[in-house]
Structures are given as structure tokens and as C-alpha cells.
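Peer 1: Sharing a structure here in C-alpha cells format.
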Amino acid sequence: MGPARRRDALRLRGGGSPPLLRLFPGRLSAFPLFLLALLLGFASLLWLQLSCSGEGPAAGGQQRGAPRQPCPPPAPPQPPQEDPAWGPHRLALLVPFRERFEELLAFVPYMHRFLSNKRIRHRIFILNQVDHFRFNRASLINVGFLESGNDTDYIAMHDVDLLPLNEHLDYSFPEAGPFHVASPELHPLYHYKTYVGGILLLTKQHYELCNGMSNRFWGWGREDDEFYRRIKGAGLQVRRPSGITTGYETFQHLHDPAWRKRDQKRIAAQKQEQFKVDREGGLNNVRYRIESRTDLSVAGAPCTVLNVLLDCDTNETPWCTFG
């Protein structure tokens, strides 16, 4: 059979080129194929945009007016890579933590991006208390200080449920003294003058001068108030942000007290203890063991998780347990 008859036979049997390729007469070259792929890609993107925004025809027989799937949000821009040109100082972000994973998943990538955009060299330490005692925020911060390494020279005592929204907030090296980022004028909940909780920056030298925080505060609250007295006793002056105009909307508070109850119970002698200044303990007598140390990434943001086993002398502080 000759070439002409073979082509005629293929046409009669339904053979030949696929329908899309028949749009291009003759032998196809690379350019028409590239043009075809480009047109198909553009049409797909246009269809996706119209269908998820609700402007195009309903897909899959969906009735008009029915809710549509929202368009996927654009990926946030990647933060700049840490550069020694940002300065000689590096921040250890110390985050006391226990069983608040949904907040952690939001906190780590947000703070990494926030600090990187401000050109703050930093390391994030998640201080995860895994023992059976009541939560002890102050002891965890002491542990984080001792475990943060020599490549950091100042710390941020940082709550996991508090995100800074104002880019003008200062996280730089607090050479002049403790710097209270979450000041009473800006914090969404706590507004008394001696409040130093939420987010507090100190050089490591100043934290040692205070002998860290008291280890006697088991359960929620009061450790910050005692630490304020330590700061004053060390001859240091607390400084706070100025020129921030966003007021109580300066931070986003992630905590939902309706379903996550705080451990505010005061047991026996703990009621009197909470108003005392601990002149003996702190960095010098925190008792703990690191069960594990893991470097990991949360949505591309690096952090170090320390699983911490605290120890308690029940003769000294029997309120470390509910027993």
C-alpha cells in the first residue's frame, strides 16, 4: 500500500492526529507547542481565580449563590537570612510552654519572620515542661537562660500567646537596662504600673545580676511581680516603648480563657508566699533535667525544643503539686 492510500485508510478508521494538534497545519515545531501550553496554563489560572472568587460559573453543577471555597492565600514572603551585618548581638527568645501546640504553630513562624524583618539575630527556645508538677514559668525561664548557649547575649522572656503587631516595637539589645516590650500602656489585659510580664528583654549580665527568677512560684501568676522587685533590688531601671500609637491593639493575644483554664489555685501557705520576695533562690538553685533537645522547623522557621523535667522540694514548696 502506498503512502497516500495508507493516510486515506487511517482517516477512514478515525486515526490521525489528536483534535488539538489538528489546529496546527503541517508538521509541528517547538514554538506552536509552547504557545499551546501557555494558553492552556493561562486558561486554567483564569478558571481557578473566577471559580474561587465567585465571579465565574458554578463548577460541578453547584447552584448560583451557594458558598464557594475561598481562594488560597498567597504564601507570606520568606524572611531574609540572618546576616552578621545585622549586628554583634543575638537574642535568645525564651518561651515557657506546656500543651499549647496550636499557639506554638502560630507563634514560631510569626516571630521568626517578625524578628528577621527587623534584622534581629535570634534563636527561639521552646521550654516544654514535661514533668508531673504544676507549671512553673519562672523556673523554665531560668532553665532557658542556662541552656541558651554562648552565642546569645540577651534574652526575651516571651509568652507564647502574645504576638507583636506593630513593626516599630523594639527588640534590639537592651544595653541601658531591662526593656518591657509589652508595657502596661500597650498590653491588651494587664495595665498596672509594676507589670513586667508578657515580653521583657534583658541582657544576660543583667539577668544574672538579678539571680534570675524565683523558683517558688508553681501555678499561674505572681512570678513577674516578684521579679519586678528583683530588678529594683539590683539597681536597674525598667524602660518601656515610646511613640507607639496603636495602644491596646499593639499585640494579638491568642489565649482563649473559655476553653483553656489557667491554674490559679492558691494552696495553703502559697497564699502568703505569693507576696514575698525570694532573697535566696533563683538561677543558683533551679533544679532540672533536660530530657531531650530537638532542633526543628515550624513552617520553615527554626527553633529548639527543650523537654524539661523540673524538680520540686515538697518540704520547701508543697504547693508544686495538688496532692
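For all residues, glycine too, the Cβ spot is worked out from N, Cα and C.
This is the feature table in TrEMBL:
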COMPBIAS  69-82  compositional bias 'Pro residues'
DOMAIN    88-171  domain 'Galactosyltransferase N-terminal'
REGION    58-85  region 'Disordered'
TRANSMEM  28-48  transmembrane segment
Peer 1: Summarise the domain 'Galactosyltransferase N-terminal' (88-171) as counts of helix, strand and coil residues per DSSP.
Peer 2: 28 helix, 23 strand, 33 coil
Peer 1: What average pLDDT does the predicted model assign to the domain 'Galactosyltransferase N-terminal' (88-171)?
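Peer 2: Mean pLDDT for the domain 'Galactosyltransferase N-terminal' (88-171): 95.
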